[in-house]
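Here is what TrEMBL says about this protein:
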BINDING   K77, K101, S356  substrate binding site
ACT_SITE  K113  active site, proton donor
SITE      D153  site 'Important for catalysis'
BINDING   T197, N228  NAD(+) binding site
Amino acid sequence: MDKLSYTSEGRTSAWSTYLQQIDRVTSYLGNLSRWIDTLRHPKRTLIVDIPLQMDNGTIRHFEGYRVQHNLSRGPGKGGIRYHPRVDLNEVMALSAWMTIKCAAVNLPYGGAKGGIRVDPFKLSEGELERLTRRYTSEIGIIIGPQKDIPAPDVGTNSKVMAWIMDTYSMNLGNTVTGVVTGKPIHLGGSLGREKATGRGVFITGCEVASRENINIKNARIAIQGFGNVGSEVARLFETAGGKVVVIQDHTATLYNNKGINISELVKWQNKNKNILGFPEADPIDKEAFWETQMDILIPAALEGQITKERAEIISCKLVLEGANGPTYPDADDVLATRGITVVPDVICNAGGVTVSYFEWVQDMASFFWSEDEINKRSDKIMIDAMSHVWKKSKEKKCSLRTAAYIVACERILMARKDRGIYPG
Ligand code: NAD
């Protein structure tokens, strides 16, 4: 399903999905539930108009957003998305999921997210740079290393982060590396950041697979999305002996019963920008992706992909949510009834924000760590968070998603309660 049908066909929006997830956790929060409404209201929402002179001399206007959902536990943290269907509803939901995620893995951050409604593939590099710099100046009034720290998301990368860092620094008059994470290494970026989200999906996936007696070796794996997250998680599962039998991106769905050769597909994608036409796998129908025989499903593209209907036909034992918000609440129920375990986005893909946190700490200290040190520290945070959520789900007899929300909401609402309301 493409994103258009996310809000059509009577489907709930991303923000409604988030609100339903909050509704599901409220009864577990005891006295803290008095404060739950704080999570139903984004703290700060900024919509900006970005005029852009195109290479051919015409002027176009783009709409951009930055939403700070909750800052109770620290500065806002969250990526910036460039995609033709970005809207306020989506950015609000993504910012809220960041609030939950940072608290679930216990990072000292609140949640934020930003985006521009644009197809970055249709702009020249010069247009993309001018768009990014104007957007940065427009949201510059609310971002900063102690206020809100953006990072890459769908359609943005380390180059875009370098432009953001430079524009913010130029406007301020001094270099501020800590204003964004996911920067190039030579500009204060962190070793390990690029691969951190995919690595975290793999680490949490292995943790849960071992608890559920699912053997990774020879497991049949399906991955939707072959970008930053999908390609790295594919590589790691292949290295661990798994067979990635089906991969889908926005251009094609590829199948190979013996397992797709990931390093060859990465080479193909680096040259062609997408997976379409890769000769060592068969192209199949888009919808056939969900019907493929699989043990592990990894959505690593966009939200709103696992619908109730798809949840009824998926054959896997384990879903690892690399993407943010890929599963609808009613689909969650179907998966639970069918005994399929879902490792929720707010834990599963938190490896990226964890190493972003390390990048920010290194920038603040101007002292940089080795990749080995970074991987060890992030693996520990991911495994500890996963174990804590696993125990909570057993104790409360609830899904891993609800357990992760209980852990996160308790931390956020304790902070909210102890800070109190200003003015009283
Ligand atoms: P990316 O832009 O690098 O890759 C996105 C991939 O999704 C591409 O392969 C694209 O072709 C595919 N895609 C887009 N629309 C699709 C569609 N309709 N059907 C099938 N495939 C489609 O983005 P990314 O950074 O890998 O992010 C992927 C997901 O992971 C997003 O939900 C993002 O919010 C989430 N995430 C990313 C990070 C990070 O560090 N990059 C961290 C946490 C969560």
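Using N, Cα and C of the backbone, Cβ positions are placed for all residues, glycine too.
The structure, with features from TrEMBL marked on it.
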residue	record	Cβ neighbours (10 Å)
K77	substrate binding site	28
K101	substrate binding site	28
K113	active site, proton donor	32
D153	site 'Important for catalysis'	23
T197	NAD(+) binding site	27
N228	NAD(+) binding site	23
S356	substrate binding site	29
Checklist entry - By the DSSP assignment reduced to helix, strand and coil, which category contains D153 (site 'Important for catalysis')? => result coil
Checklist outcome for this item: Among recorded positions K77, K101, K113, D153, T197, close to ligand 1 by Cβ (under 6 Å) are D153, T197
Next on the checklist: Of the residues named as substrate binders, K77, K101, S356, how far apart in Å are the Cα atoms of the most distant pair?
Outcome noted: 13
Checklist entry - Hey, of K101, D153, S356, which of those recorded positions are within 10 Å of N228 (NAD(+) binding site), Cα to Cα? => result D153
Item to check | Any further residue of that chain within 8 Å (Cβ to the Cβ centroid of K77, K101, S356) of the recorded substrate site | outcome: G78, M98, C102, L107, Y109, G111, A151, A350, G352, V353, T354, Y357
Next on the checklist: If you compare CA-to-CA distances from S356 (substrate binding site) to each of the recorded positions K113, D153, T197, which comes out shortest?
Outcome noted: T197
Next on the checklist: Rank aside, I only need the closest one: which of the recorded positions K77, K101, D153, T197 has its C-alpha nearest to that of K113 (active site, proton donor)?
Outcome noted: K77
Checklist entry - If you run the three-state DSSP split on K101 (substrate binding site), which class comes out? => result helix
Checklist entry - Does DSSP put K77 (substrate binding site) in a helix, in a strand, or in coil? => result strand
